[in-house]
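Student: My questions will all concern the structure given below.
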């Protein structure tokens with residue numbers, strides 16, 4: 001009887017314990033313990049620690065610093081500790097925690113280490129995405145076949161002939177190696193072997209699931225990888241049987257959990273109090289007039305800072321919406337061969353959109369200058385890589401490279417000014433291209449090119465529904481975001497997570513083009529959206545490193561020139577103030593904010609060009625008025641939502657099943673990268689080595705690093721800038737409506753029941769009382785903002801306090 005189905009099922013089961021890892025050029029922040037989310041958080045981190053070796057809670061030093069800085073409310077901490085059965089002073093308990101977590105390093109298995117060394121060498125060669133000049137032979141046949149072909153020439157394999165003589169089928173190899181092991185051991189064996197190199201196996205898992213161009217051309221699977229690994233282990237005589245040792249409970253875990261809950265409750269309490277108070281004020285206020293402009297930003301925490309400063313400069317209204325602007329598309333820029341997903345990883349692209357030239361003269365200028373630059377780059381690359389010319393080229397050009405290196409190191413700002421000046425001679429794509437959004441009745445791969453009119457109307461209506469829009473200003477700007485860094489392998493981690501680690505400008509341009517379509521506007525008016533004739537939609541992109549907002553104004557008529565001029569001036573002022581705030585957060589002088597952020601963007605020796613989403617801890621779903629007068633310190637995701645325009649709860653359902661899941665991914669990536677950077681992060685950028693355009697090593701080889709670098713999280717050694725807290729979501733809506741959504745989506749309720757994030761609802765229909773989710777769709781009353789109405793607040797199910 002064939003065991004092939006059992007092997008496949010066992011591998012699929014084991015693979016859930018390894019998080020997917022996206023290539024570094026399109027880095028996606030995701031929960032490294034996503035496969036454990038069906039378990040309570042406390043149990044998940046314990047099992048992950050046993051399998052992967054990572055810590056699940058912040059260190060004693062981190063808790064102590066938070067307590068000293070006032071980030072943990074002493075009364076809340078006392079209550080949490082008492083409930084957990086701890087009666088001693090927090091400082092004494094922290095000392096006890098420190099003693100309990102001191103443990104000896106685990107022993108290393110020499111045979112397994114040797115197998116890891118061999119495999120990582122060939123994995124890096126096989127999975128290379130364009131950086132190697134000489135490719136691994138026979139990659140088209142798949143990893144297992146290619147590995148068999150090169151193994152006999154690898155002197156690091158003790159008996160290479162054994163590998164070369166393996167069966168052609170990877171399943172047969174696995175069957176042979178596991179023949180002496182009962183089937184009930186297969187899943188644990190696969191789990192241990194996948195967890196041995198979680199970076200590489202996470203990349204294989206993601207690549208196989210994605211089925212992109214590289215995977216189609218050079219296929220690899222976990223089956224082929226495990227066949228090669230098991231064969232190597234068998235060849236070196238390594239033991240395969242899983243350990244029977246039971247998991248020793250971490251004696252400090254329960255105590256650390258109490259400290260973590262108190263820290264989270266301290267932050268959440270302040271956030272909920274703010275939202276509840278503003279909810280009361282919002283109910284008592286009259287609607288204002290038509291704003292001078294409306295700007296829609298990504299829900300990204302970095303947007304909170306620039307939005308706050310824009311609103312302070314004039315009569316502007318800002319909104320938060322997922323940064324892909326609701327368009328699940330694959331995007332191909334002008335004159336590029338590669339398409340990228342421009343939507344969250346939890347969605348599959350539904351359309352192919354490309355840039356098409358509309359201005360022949362500007363296109364000609366772009367092509368001419370780009371051609372000169374590309375030709376020069378190609379000549380230099382050829383001279384460097386050719387064995388016959390490399391030495392002479394280095395001898396001739398070395399002094400010039402040395403001067404350039406010194407200039408970029410000592411005066412990066414001036415060098416960047418020169419690059420910018422040269423770059424201005426080459427028009428940007430958006431200056432002569434428009435996104436091809438009209439349906440073309442053709443396909444690129446499996447995706448239709450463009451969008452039908454009905455699809456355009458649906459995407460625009462969905463955006464306005466989710467944000468609760470009822471009025472439109474003369475200018476409406478959809479503003480994507482991107483970062484600007486130099487010599488940074490992790491640059492995509494600073495771009496838009498909702499666009500799968502790519503810039504959000506293209507999505508903003510697509511939605512603006514859709515909304516300017518007269519046929520679309522007519523259909524929107526039929527659906528109740530009163531769009532004035534003088535409303536113009538446009539796109540822009542927020543540079544999160546420098547806080548510059550670039551406006552793409554090709555769609556703006558002369559009648560709106562004064563509006564646009566005023567907006568540009570106010571955006572410049574907002575940039576100065578936001579850049580000052582960011583510079584100060586990085587320990588620099590706030591008075592030189594713009595120049596300092598520009599330097600960080602240009603300096604190739606700068607390991608911290610910006611903080612990214614460090615500090616993220618909250619997600620507020622509700623009208624902007626709830627937070628517009630509050631400094632949230634760039635720590636909260638903000639999604640616009642108006643419960644009064646969403647009677648059936650469909651908009652709320654879309655937000656909870658989409659953006660809330662993505663923000664939880666981001667939050668857990670930052671959490672685990674902070675609490676154990678060696679296992680779940682990627683260590684220091686200073687010692688990173690990029691490999692294959694897919695990831696980085698720490699040092700000169702080994703496993704791919706899976707998370708965020710230290711410089712994105714830590715102000716200094718053992719001093720986190722990011723406060724490692726699980727996400728606190730606050731929703732402004734009737735609590736019964738939220739309960740209905742959770743009841744319809746068990747996966748959301750599971751995340752909450754298992755404490756991967758928290759949820760609080762401020763109910764405007766119940767005198768703005770706040771309700772905190774407990775479990776099993778039950779709620780407890782948190783606070784009472786108004787004493788005017790003595791009626792007891794109610795929810796579908798309210799747990800006893």
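Even glycines carry a Cβ here, placed using N, Cα and C.
So Swiss-Prot lists the following for this protein:
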| type | residues | note |
| --- | --- | --- |
| BINDING | 298, 300, 481, 496 | Zn(2+) binding site |
| REGION | 575-596 | region 'Disordered' |
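Quick one: how deep are these features, and who are their neighbours?
Tutor: Neighbour count (other Cβ atoms within 10 Å of the Cβ, all protein chains): 26 for residue 300 (Zn(2+) binding site).
Same-chain neighbours of the region 'Disordered' (575-596): 305-306, 308-309, 312, 413, 546-549, 608, 610-611, 634, 715, 721, counting only residues six or more beyond its ends whose CB sits under 8 Å from a CB of the stretch.
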Student: Which residues, same chain and not among 298, 300, 481, 496, have a CB within 8 angstroms of the centroid of the CB atoms at the recorded Zn(2+) site?
Tutor: 297, 299, 302, 303, 323, 480, 482, 495, 497, 498, 499, 504, 542, 544
Student: Return the residues near residue 481 (Zn(2+) binding site), defined as same-chain residues 6+ apart in sequence whose C-beta is under 8 angstroms from its C-beta, sorted by sequence, else 'none'.
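Tutor: Correct list: 297, 298, 300, 302, 303, 323, 495, 496, 503, 504, 541, 542, 543, 544.
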